[in-house]
Amino acid sequence: MAKESSAKSGSSKGAQNKTDQTKNKSSGSSSESQKQKSQTSSASGINYNDTHWSWGVFLLILVLGVGTRFYKVEEPDHVCWDETHFGKMGSWYINRTFFFDVHPPLGKMMIGAFGYLTGYNGTFPFESPGQKYNETKYVGMRVCCTALGSMLVPLTYLTVWEMTESTSAACLAAAFILFDVGLLTLTQYILLDPILLFFISGSVYTSVKFYTYRNTPFTFVWWTWLVLSGVFIACAISVKFVGLFTVLYIGFRTIYELWEILGDLTKPITYTMKHFIARAMCLIALPIALYVTFFYIHLAVLNRSGNGDGFYSSAFQSQLIGNPLYNASMPREVAYGAMISLKSQRTGGGYLHSHWHLYPEGVGAKQQQITTYAHKDDNNKWIIKKFDEPAPKLDNKSAPIELIKNGDLIRLEHIVTKRNLHTHRIPAPVTKKQWQVTGYGENGTGDANDVWRIEVLGGKPGDHINVVSSRLRFFHQLQNCILSGTGKQLPKWAYEQMEVSCSPNHRDVRKSTYWNIEENHFPRLPNVSFQVHAPNFIEKLVESHTIMFEGNAGLKPKEGEVTSRPWQWPINYRGQYFSGSTYRIYLLGNPIIWWANLALLPLFAVIYIYHAWKEQRGYEENVDIKAARDKTVTVCGWLFVGWALHYLPFYTMGRVLYFHHYFPALLFSSMLSAVIIDYFIRLLISTVSFLKDNGFFHVMYGLTLSTVAYSFYLFAPLSYGTSGPLAVEENSTMHGLKWLDSWEF
């Protein structure tokens, strides 16, 4: 007991005097750690932590990273995998054409800028994977994405070196990134992933580097690394929302740093507050400002109408050049006989739509389909008329003009097919607890199930209906249900458009039951400019995010698309084809590295528990061994947190997931594996005397590096491209490497 108390008392005093032990970055390591390093150096014959040696290794790593990534970067000369999406979006930035995507804009803006600066004119259609580029200048976009991807290797080296001050650990970590064929494949194409991974790696490195200057706060270099950290996390979350996990990781590190500062009893509380304010400015305010700036640029550049207009509100669309609502003028109020379009106010909701096709046999009544459709179309247009009279002719100037009022009974006639909006007590195709909505009748003549009561949210009886600003609900007069754009996707027989139903739940106040009139054609009423509905930037920003979040959550796999579940990723269960033609490219992790990472994760847990047990019991042990284990547990603890934050949240997501979502977590697990391997090699050298002078260090590191390098040599054709027979055939160059039946190369 006395021994344990003494140990705990000593650790308490050590915590109080911790910040006085060193005055600059170079003196951050303990004397015990320095002894261990010198022992390892003498054992190997080389001082692996010498500055010149470390920078020499770094330059070698940099050259290898660039060389392996840029090799065959122009091949194949056709569209690969998601280049069909992100190359197309880059083209739209060049052409300033508006589109909808579930990701923030920075990565796509950078792809567009890469293409523009390297001579690409934005005209290639990027229609589908396998499409030949021919004379298109696509290589510049690939090269720029690859350049960022190649920086993962040196950034990993620098990050681990700053965390451990071990050149051997940093070299191992960089090698695991360098020789991973999955990372090689993912960073050679026109994709968001190399950009995202670069900013994630940069965020981690700048945060770690900033921490090394903790003993020289508020100096120029301290501020520089703090600001850079804020810039990188802003860029990470501006490429994909996965960057939010990186923001959380940096946030946890920041809380830990502030907790350390608060524990320094030699400094007043105001000193801690100064640190908090500095970090709040650079890691909260600055990233938010940059993120909003990127969106401002995005919305300013994409000012022309495109195929994404329909996902946004009528007011938003009115600001897009070429959209029917841009500089449009139309009557503010709606009269009987007007030709209108109705837009669902559900986030990303489309237009009330119909076409000649009928519901198929076995799907309710075999009547005309009613859907919502996100794009502009003549099939979105309806005539609004009284429930008991035909619609007045628009060119009949003698007919009285009668404005529609809140509470009126109406019919909606589809202009193209001349059928009325109709419902009955038959379950809807997807939402079975609601009623089917159809198009019914001939030449505008139907039955009593075509009658709807129009109501304005917050309106008084007799209030007129206004374009855009009136939020409308349509109550069916007989079935007593509410017209609803559910947002559920219909099968291919409805061209995968969205379901429209009639909800019997009157307390359903979701946006799916609200509509607004967007187009209003009635030449006998005076027109007003649509500009009165124009939203400001903040309103556009909020609407964009609402639509992006809902779109992201609602992503579903396309027919025949290869998806995966999070449990499959760490075990490298199944890869993903990038090019499936005669020139095949297959995204798959290096199995030696991935399975080693998987094995070393639980080993870290064992080390952590063993370390915590010894600390709690206060055991006396060799000072050098304890110092090495302390540092290893601290470094690996942070890397484990990074891996968990970038991996475990995917188990909670309902959206479609893909194999490439694991690669940010892979960066952390690869660094963790390198630190653990380095720790055990050094531990053996320190504890087994005969290993110190017989080249054990060289043998173990040489064996580790040669194993991952050889495995890279074996599996590199998956990244650089293969042709000929598949791996299952004996005459294939990859025969014998299909170690799992689930691998498809």
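Cβ atoms are placed via backbone N, Cα and C, with glycine included.
What TrEMBL says about a protein is an automatic prediction, not a curated fact.
If you look up TrEMBL, you'll see 24-43 marked as compositional bias 'Low complexity'. As annotated by TrEMBL, domain 'MIR' applies to 331-387, 401-457, 462-520. The feature region 'Disordered' is assigned by TrEMBL to 1-43. If you look up TrEMBL, you'll see 53-71, 139-160, 166-183, 220-252, 276-297, 592-611, 632-650, 662-684, 696-716 marked as transmembrane segment.
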Averaged over the domain 'MIR' (401-457), what pLDDT does the prediction give?
-> 93
Do at least three C-beta pairs under 8 angstroms join the transmembrane segment (696-716) to the transmembrane segment (166-183), pairs 6 or more apart in sequence?
-> yes
Residue counts (helix, strand, coil, in that order) that DSSP gives for the domain 'MIR' (331-387) = 3 helix, 29 strand, 25 coil
With Cβ distances under 8 Å as the criterion, find the stretch in 139-160, 276-297, 592-611 that has the most pairs with the transmembrane segment (662-684).
-> 592-611
Determine which recorded stretch among 53-71, 220-252, 276-297, 632-650 has the most C-beta pairs below 8 angstroms with the transmembrane segment (139-160).
-> 53-71
Counting Cβ pairs under 8 Å to the transmembrane segment (220-252), which of 53-71, 276-297, 632-650 comes out on top?
-> 276-297
Residues of the same chain, at least six outside the transmembrane segment (632-650), with any C-beta under 8 angstroms of its C-beta?
-> 163-164, 200, 204, 242, 245-246, 248-249, 252-253, 566, 569-570, 601, 604, 607-608, 611, 657, 661-662, 664-665, 667-669, 671-672, 675-676, 679
How many of the residues that make up the domain 'MIR' (401-457) does DSSP mark as helix, as strand and as coil?
-> 3 helix, 29 strand, 25 coil
What does DSSP give as the helix, strand and coil breakdown of the domain 'MIR' (462-520)?
-> 6 helix, 27 strand, 26 coil
